[in-house]
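Annotation comment: Swiss-Prot describes R27, Q28, A29, G30, R31, F46, D77, Y153, T208, H326 as substrate binding site, evidence class sequence analysis. Marked as site 'Transition state stabilizer' by Swiss-Prot on the basis of sequence analysis: D77.
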Amino acid sequence: MTQLKNDTFLRALLKEPVEYTPIWMMRQAGRYLPEYRATRARAGSFMGLCTSPDYATEVTLQPLDRFPLDAAILFSDILTVPDAMGLGLYFAEGEGPKFQRPLRDEAAIRALAPADMGKLQYVFDAVASIRKALDGRVPLIGFSGSPFTLACYMVEGGGSDDFRHVKAMLYSRPELLHHILEANTQSVIAYLNAQIDAGAQAVQIFDTWGGALSHAAYREFSLAYMQRIVAGLKREADGRRVPVIVFTKGGGQWLEDIAAIGADCVGLDWTTDIGQARARVGAKVALQGNFDPNALFAEPAAIEREVERILQSYGQGSGHVFNLGHGISQFADPAHAGALVEAVHRLSRDYHGAA
């Protein structure tokens with residue numbers, strides 16, 4: 001494989017010395033970019049983009065051609081995994097992802113088996129294609145949803161604002177939810193390992209809905225399964241470590257628990273103070289975050305002030321990957337995203353000694 005020209009992101013994840021704080025943005029390839037919208041129109045649909053390695057490569061590289069980001073992230077969707085489990089993913093215009101066959105009855109749940117990786121070959125082909133196209137420019141991140149977050153969509157049949165179906169199952173028939181989570185966990189381990197085999201140089205587990213759980217339920221139904229995934233992942237490829245990032249949106253109160261599951265880095269949303277997070281778990285893990293994505297609607301001068309505040313809060317030294325606290329808004333101005341990247345690179349050098 002081609003030698004990495006910029007490995008700052010990987011070094012920061014392992015808390016090795018760096019010259020500046022690296023940055024990438026969740027959902028950095030997305031609707032806020034006019035070039036993405038043009039490619040999406042050519043592809044004909046969102047799944048048309050995801051299932052074509054050529055299109056997926058094109059849109060993955062678009063933000064890197066526009067901004068000097070320190071990592072690329074595979075363009076895909078977390079719901080490709082339950083789709084490969086036979087739930088029938090489709091995207092309703094203006095409504096987001098839906099499943100034709102949500103898991104509501106016991107027979108369907110008992111019949112659920114781990115995803116057939118053969119049905120996800122298009123993802124692994126995309127990883128290989130992107131890695132080749134990057135030619136060592138920056139590392140490539142692979143990703144998956146967490147077992148619980150996937151289960152939310154699988155049981156609800158799509159997005160939800162109250163998770164009443166999955167929560168009803170959790171409290172009244174927990175053994176059924178555990179069956180789904182078991183199938184999801186086996187699927188995610190195989191899925192992420194296949195991405196690593198195809199060329200992913202780091203992986204992130206997106207636990208988008210873990211923060212909707214009670215303290216006890218989070219540990220039993222989300223964290224325990226993510227711990228099993230981390231333990232089951234290949235941690236070395238091309239002679240170097242493949243770091244693992246775990247991100248629970250709304251998980252700031254559980255940082256110590258999350259940091260204990262064996263991941264290299266914990267992602268933070270914008271509601272957690274990164275300096276306090278470092279004091280709590282910084283000896284054990286790197287931290288990723290945690291700029292409020294809606295602060296990108298402010299003027300560049302305000303964006304720069306917020307960058308400085310976050311860098312100052314984290315303090316001196318490595319172990320920080322700058323990111324948004326969640327995905328970038330489709331309504332964000334690309335110029336403001338550019339201002340964010342520029343400010344992080346320029347201002348963060350004061351927080352790192354000679355590397």
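Any Cβ shown, glycine's included, is placed from N, Cα and C.
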Cα-Cα distance maximum in Å, computed over every pair in R27, Q28, A29, G30, R31, F46, D77, Y153, T208, H326 that the record assigns to substrate: 23
Largest tally of Cβ atoms lying within 10 Å of a Cβ, found at which of the binding-site residues R27, R31: R27
In three-state DSSP terms, the structure that R27 (substrate binding site) belongs to: coil
Local Cβ density at A29 (substrate binding site) - other Cβ atoms counted within 10 Å: 25
